[in-house]
Every structure is written in structure tokens, then in C-alpha cells.
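What follows is a set of notes on a single structure, which appears directly below.
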Amino acid sequence: MKQEMMVMTKQVEIAENIFELTLQGKLVQEMNQPGQFIHIRVPRSDLLLRRPISLANISKENETCQIIYRAEGEGTKVLSQLEEGTKIDCLGPLGNGFNIEEVVENDVVFLVGGGIGVPPLYELGKKLAEKKAKIIFMHGFANKNAIFYEKEFSDLGVLMLATDDGSYGYKGHTGDLMNKALKVHPNPKAIYACGPSGLLKSVEMTFPNHPHVYLSMEERMACGIGACYACVCPSKKDPTVNKKVCDEGPVFKSGEVII
Amino acid sequence: MSRLSVKLPGLDLKNPIMPASGCFGFGDEYSKYYDLSILGSIMVKATTLEKRLGNPAPRVAETPSGMLNAIGLQNPGLETVMTNQLPSLEKYDLPIIANVAGSSEEEYVAVCKKIGDAPNVKAIELNISCPNVKEGGIAFGTSAEVAASLTRAVKKVAKVPVYIKLSPNVTNIVPIAKAVEEAGADGITMINTLLGMRIDLKTRKPILANGTGGLSGPGIKPVAIRMINEVTRAVGIPVIGMGGVSTVDDVIEMFLAGASAVAVGTMNFTDPFICPKLIEELPNRMDELGIKSIEELIKEVKESR
């Protein structure tokens with residue numbers, strides 16, 4: 001982990017209230033694992049806590065990375081109004097990302113994302129595509145206006161989309177998309193998921209005994225480095241033990257923690 | 001003696017800056033990022049007799065210039081702290097202040113009796129002010145009689161000096177400070193967090209799973225300064241000041257209020273390098289303000305009253 005004043009080189013609203021922010025700096029050279037996050041200090045002194053935001057895209061050649069976030073709370077609203085050239089205090093990369101070691105060429109992998117949990121699956125998809133895996137993305141959004149990166153994901157593999165209101169793609173949720181995909185590909189090599197707890201639970205229930213299911217968790221954090229004990233979730237194997245989402249996660253193997 | 005050094009009961013501090021308990025884990029987490037030996041001390045996370053799991057999440061919420069927390073004293077218990085956490089800090093040139101919590105007088109006494117056996121533990125910080133646990137913590141810190149009785153019991157068994165961590169969640173903090181001084185406390189640390197609450201507008205429920213939590217951060221600094229000022233005018237034992245310290249000027253303001261050393265809490269979360277930065281910046285700011293040494297500043301403040 002390093003601290004750096006990274007330069008915001010670009011910001012684009014890519015869906016309703018969803019922003020893609022590009023940061024440039026040497027910190028990018030440290031970013032090696034999809035699923036890791038950076039801890040951003042919003043440049044307003046009364047906003048004390050950093051915001052953990054996952055890395056959506058890493059380009060070591062340009063020393064840039066992209067984060068995608070929803071402007072929802074006070075901090076992310078401030079972020080969405082920043083102008084190009086602003087220097088932003090970033091800590092990172094933090095946490096453990098997705099394990100892709102077991103995936104080899106032609107393996108079928110499922111990547112399941114919901115809403116603002118979708119972004120880290122893009123960098124993960126890129127890494128899996130480099131391994132020539134066959135990627136099936138299953139993404140769920142609230143409605144058509146919330147969808148982003150349709151072309152980008154389609155370029156890496158098959159993209160199945162679902163919306164809650166049926167305004168685009170399949171009307172329903174990602175659990176239904178998984179069932180559909182399983183009819184064609186009954187034995188995916190690995191399943192990766194990021195999104196709300198309902199989505200993570202449904203992935204866990206769909207693949208109860210699968211050895212390679214990885215779930216990215218979200219929890220309110222303070223320090224981001226394991227010192228404050230704020231972002232805990234109970235261990236499934238031993239309920240008297242709490243796991244820290246920031247440094248033991250955010251990606252856990254299925255069965256490791258209680259969702 | 002260097003111009004930054006401070007001598008307190010049990011503690012020879014090379015500088016007056018230390019991370020506050022609960023805001024620095026057991027030190028290991030930050031040792032990955034800088035050499036802990038540069039710190040004056042570390043007030044490690046609260047230790048109880050048995051392991052504690054703490055409260056359910058969410059455990060933190062942001063507030064204007066601050067945060068609420070309801071961690072609930074999660075810690076691995078005395079035995080593990082003695083065998084794992086404290087020995088791993090022995091490689092640093094660092095006197096440790098062990099924060100001790102409990103839900104009964106017997107538990108406080110049992111932990112205090114043992115924790116001073118660790119060679120690097122040079123003082124105990126008695127946590128009678130945690131607002132986030134149902135039993136213990138603050139229940140011992142809001143009554144002068146109870147606080148004094150606990151101080152006496154702990155002083156009988158402790159092998160190192162005992163500092164009492166006071167709660168700001170009282171009508172008048174001075175009688176409690178005086179009571180623990182009379183009961184034999186070697187020093188006072190203050191302030192712990194202020195009890196607070198935030199409510200989510202969409203769910204209409206408290207944001208913290210615990211309902212309430214402890215407020216900390218720059219937003220509480222004026223409360224800390226006022227209380228440190230009141231207490232240090234009323235007692236003779238030293239006070240380690242804390243509550244919202246985020247800049248080198250805040251550090252000096254704590255000394256001007258009457259503190260003899262300064263702990264940094266919540267800002268460690270905002271900036272993990274805050275303590276080294278403050279230690280580095282302190283001499284320059286002292287030059288600008290005509291302060292020769294911290295010990296001299298402490299003496300001057302005391303004599304000016």
C-alpha cells in the first residue's frame with residue numbers, strides 16, 4: 001500500500017449517476033490483482049472517512065486506472081463534480097482480489113455482477129480474457145438507464161443482461177441468468193461475483209459445493225488497512241471469529257464468511 | 001533530553017506523539033508502512049480477559065468532521081495478546097501503553113495483574129469510558145465512587161503505572177478526575193468518544209447496528225480542549241490529551257490546554273501516516289512559536305496558572 005496524490009485526468013458520466021473517473025500516477029504500477037480497491041480521500045475537509053472504490057480498469061503502460069462509482073452520498077457527489085487536473089489523495093492498492101490461478105485456456109467462467117458491483121469484473125474479465133478463458137458475464141441492473149460498459153464487456157466475452165423492471169435485457173435478476181447459462185455450460189471452472197448481499201447469497205446457493213467460487217464483499221470501512229476493526233463479517237467455519245473485509249477480503253472464497 | 005522528549009510515570013517518551021487506543025489495532029497493521037520506533041508510544045487496542053467478538057456491522061458512520069464507531073471492544077483476549085501481539089512489538093524501541101477493559105472489577109483486576117508482565121508494557125490505560133459495550137466500560141467511568149474504587153483495586157495489583165481513561169459523557173468530569181487521583185491513579189488520559197447517533201433517511205433506522213456509537217474526529221476537539229483544561233487545573237497528575245487531533249497546531253493546543261503528551265485517534269484512519277508527519281512537523285512549528293522544548297512548554301503552562 002502506498003499513498004499518492006493521483007491526478008484526475010478524465011471524468012465521464014457513463015450511465016445515470018454512474019461516473020467513470022480516470023486517475024494517473026505511479027501507484028498504478030502497484031496494482032496487480034483484479035478485485036483490489038483504492039481508498040480515496042474526498043477533497044472536502046469535513047468528509048473525514050476515505051471512500052473505498054474498486055479498480056475497474058488498470059493500464060500500466062499509461063499509468064492510469066479507472067474507477068466507476070455511483071454519485072449517491074455526500075462524498076461521491078463531491079467526487080463527481082471534480083474537474084480534470086485535480087489531485088486526489090489515494091491509498092492503495094488495498095485488499096485481496098480475485099484468484100484466477102486455476103483458470104486455463106478454454107475454461108468457462110461465470111462473472112456475476114449487480115449494479116455498482118459490476119466495475120471490478122471488467123479488470124477481472126480482461127485478465128481472464130488474456131488467459132483465453134470463455135467468459136460469461138451476467139449483470140443485473142435496476143433499469144436500462146443504470147447499464148454501463150455494455151460494449152466493453154461484450155468485447156471480452158458473452159454478456160447477459162437483466163433489469164429489475166425489464167426495461168432492457170431479461171426481466172428479472174442474475175439468479176435466473178445463472179440458471180439459463182448453466183443449461184448451456186453446466187460445469188463452469190470458476191464463478192466470480194460482486195454485488196449486493198442477495199446476489200452473493202444466490203451465487204453461493206447455486207454453487208454450494210463448487211471449489212472455485214469467489215465473492216467480493218462490501219462493508220462500511222474506516223481505515224481500509226485492518227486496524228480499526230470496523231468492516232467485519234463473521235467467519236462461517238468459526239462464528240467466534242470475525243474476518244476483516246478490507247484486508248482479509250474484500251474477495252472471499254465461498255463458504256469462508258457469513259453473507 | 002531532546003526538545004521533543006517527555007517524562008511521565010512509567011514512560012520515557014522520545015516524543016509526545018502516540019496513536020490512541022482502538023485507532024491503531026495492535027500496531028502490526030501500521031508496521032507494514034513505517035518504523036514504529038519513531039513513535040513516542042502506542043496505546044494498543046483494548047484487551048479484555050476473554051476474547052471478544054465485538055458488535056455487528058455496520059460499525060462506523062461518518063459525521064461532519066468526524067465519525068461514529070461502535071466496534072464493541074473486539075480483541076483476541078489477554079492470553080493471545082500476551083503471547084502474540086505484545087511480543088511482536090518488542091523489536092521496536094517503544095514503550096507500550098496497554099489499554100485494559102472489563103465487564104467487572106474482577107476482570108479489570110485479572111487483566112491488570114498480568115499485562116504488566118510483558119517487558120514492553122510500561123503503563124496501563126484503564127478503559128472505563130467505552131460507550132459501545134453493554135456491560136463494563138462507561139459504567140465504571142460515569143460515577144466518581146465506582147471509578148475510584150476500581151482504580152484502588154487495580155493499583156493494588158498493577159506492576160506498572162496506571163492511567164485512567166475518562167469519559168466526556170458526564171455532567172462534570174472534574175470530580176471523577178479528582179476521585180481517581182485520590183485513589184492512586186498515576187495519570188489520566190482523555191477524552192474518550194462522545195456518545196452519538198445517526199439515522200438513515202431511507203430505512204429510518206440508526207446507521208450503526210448498535211444504534212449508538214462513540215463520536216470522534218476533529219469535530220470533538222473543542223470539547224476535549226475544554227475538558228483537559230478543566231481537569232489539569234484540578235489535578236496534579238499528568239494528563240495525556242486526545243480528541244480530534246489532526247494537525248501540529250492541534251498538538252500544541254492540547255499542551256496549552258494542560259496536556260503532557262498527545263494521542264492521535266481517528267486521523268490515523270484518514271491518513272495512516274499522520275503520526276510520523278506530526279512528529280516531523282513539530283520542531284518547525286515549535287520554532288515558529290518560540291517553544292524551546294515540550295518539557296519547558298508543559299512547565300510554563302503549569303506555572304502560568
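Yeah, the Cβs are placed from backbone N, Cα and C, and that goes for glycine too.
TrEMBL names B:N69, B:A70, B:I71, B:G72, B:L73, B:N127, B:N192, B:T193 for binding substrate. Of B:K45, B:K155, B:K156, B:K221, the residue it gives for the same site is B:K45. TrEMBL lists B:K45, B:A46, B:N99, B:N127, B:K165, B:I191, B:G217, B:G243, B:G244, B:G265, B:T266 as binding FMN, and of B:S21, B:S143, B:S293, B:S304 the one it places in that same site is B:S21. In terms of Cα spacing, the recorded positions B:K45, B:A70, B:G72, B:C130 all stay beyond 10 Å of B:G243 (FMN binding site).
Note on B:T193 (substrate binding site): other Cβ atoms within 10 Å of its Cβ, all shown chains, come to 28. Binding-site extent for FMN: residues B:S21, B:K45, B:A46, B:N99, B:N127, B:K165, B:I191, B:G217, B:G243, B:G244, B:G265, B:T266, maximum pairwise Cα distance 20 Å (rounded to the nearest whole number). Proximity to B:C130 (active site, nucleophile), judged by a C-alpha distance within 10 Å, picks out B:G72 from the binding-site residues B:K45, B:G72, B:G265. The Cβ of B:K45 (substrate binding site) lies under 8 Å from the Cβ of B:S21, B:G22, B:F24, B:G25, B:F26, B:N75, B:N99, each on the same chain and at least six residues away in sequence.
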